[in-house]
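Novice: Under the heading Zn(2+) binding site, Swiss-Prot lists C20, C23, C35, C39, citing sequence analysis as support. Among the features that Swiss-Prot reports, compositional bias 'Basic and acidic residues' is placed at 1-15. Summarising the annotation, Swiss-Prot assigns region 'Disordered' to 1-22.
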Amino acid sequence: MPEDKKAAAKVEPLRKTRPCPECGKPSNREHYPFCSNRCREADLSRWLTGAYAIPVADDETKAEYPDGEN
């Protein structure tokens, strides 16, 4: 019976651990996909300061509306 409890207590991860996108260390479940709160906050800071941006082509910025509205 004790062996059954031990086998049931083992938890299998749903996905393989991936490296942290900031520093390359193995990711932590609590801070996924980062390894620590420090790396998570560093990434958030880059988003908030505009360091990350989605490039937009010039012709995409001038949207043409069928009704002539802007």
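Numbering starts at 1 and runs along the chain as displayed.
Each residue, glycine too, has its Cβ placed from N, Cα and C.
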Novice: For the Zn(2+) site given as C20, C23, C35, C39, which other residues of the same chain have their Cβ within 8 Å of the site's Cβ centre?
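Specialist: Neighbours within 8 Å of the Cβ centroid, excluding C20, C23, C35, C39: P19, P21, E22, G24, K25, S27, F34, S36, R38.
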Novice: Determine the minimum-neighbour residue: among C20, C23, C35, C39, listed as binding-site residues, which Cβ has the fewest other Cβ atoms within 10 angstroms?
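Specialist: Relative to the other binding-site residues in C20, C23, C35, C39, C23 has the fewest Cβ atoms within 10 Å.
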Novice: With H, G and I counted as helix, E and B as strand and the rest as coil, say where DSSP puts C39 (Zn(2+) binding site).
Specialist: helix
Novice: In DSSP terms, helix, strand or coil for C20 (Zn(2+) binding site)?
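Specialist: The residue in question, C20 (Zn(2+) binding site), is coil (DSSP, three-state).
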